[in-house]
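Peer 1: As annotated in Swiss-Prot:
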ACT_SITE  145  active site, charge relay system
ACT_SITE  223  active site, charge relay system
ACT_SITE  256  active site, charge relay system
């Protein structure tokens, strides 16, 4: 591992690291915020997954999460949104290829060689964080848009791994919206049954009651992608039918930007703290 930068921030440290990923077959960067140490108890971790076109720095520089994370004593880990590099398959569109990994394991060539973000987030990155930093094994997960989709599927596919999950403007039903259909048909092929294991709504309908965890979703009603790409009401209906403990908040006037995330990130951190710090 190589440290790329480090900044003092709210008595803690904001760092950026590069490491060689055996899962993704390329070098990867991640950002991490380490809160000021409280006592000898290792702090819990909140993983943040960003959206289309982003990397590990968007949340770090725009969301303003460090102040509250420092106060609460929560480590923030921000991975990149896809594998990177000249040898990694790419696409000219903003919504496919590098910067648009969709947090799944691709099965189709040429994508399958590198696009295994799900395995990276489930196994390799948490093991790296555990081995290199003083953290507890308690963790939660959150994300925005494509990253909201990522956070939800990570939680739904891994019962017991996360204490709680939250999302801002998530893509909840990728099997049925243009962003998801484009990505899934490219990464996973045309068999739509294979898509279902990466769709939050399908996963929630298939979930067991004992695996439900507290879930918070914020969605702006002035989001230009709300009707065509996001459709949170579809997941809310799945949660209602499954009695899943989900709160969906529609925030009047807010759009899809980091101004929206910055406005409510404190709520999300305090929401996760209730369960992380138990």
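Keep in mind that glycine also has a Cβ here, set from the backbone N, Cα and C atoms.
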Peer 1: Distance check, please: Cα of residue 145 (active site, charge relay system) against Cα of residue 223 (active site, charge relay system), rounded to an integer number of angstrom.
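Peer 2: Computed Cα spacing between residue 145 (active site, charge relay system) and residue 223 (active site, charge relay system) is 11 Å.
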Peer 1: Report, in whole Å, the straight Cα-to-Cα distance of residue 256 (active site, charge relay system) from residue 223 (active site, charge relay system).
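Peer 2: So the alpha carbons of residue 223 (active site, charge relay system) and residue 256 (active site, charge relay system) sit roughly 5 Å from each other.
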Peer 1: Within the chain of residue 256 (active site, charge relay system), which residues six or more apart in sequence place their C-beta under 8 angstroms from its C-beta?
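Peer 2: Residue 256 (active site, charge relay system) has long-range Cβ partners 145, 169, 220, 223, 224, 225.
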Peer 1: Counting Cβ atoms within 10 Å across all protein chains shown, which of the active-site residues 145, 223 comes out on top?
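Peer 2: Answer by Cβ density within 10 Å: 145.
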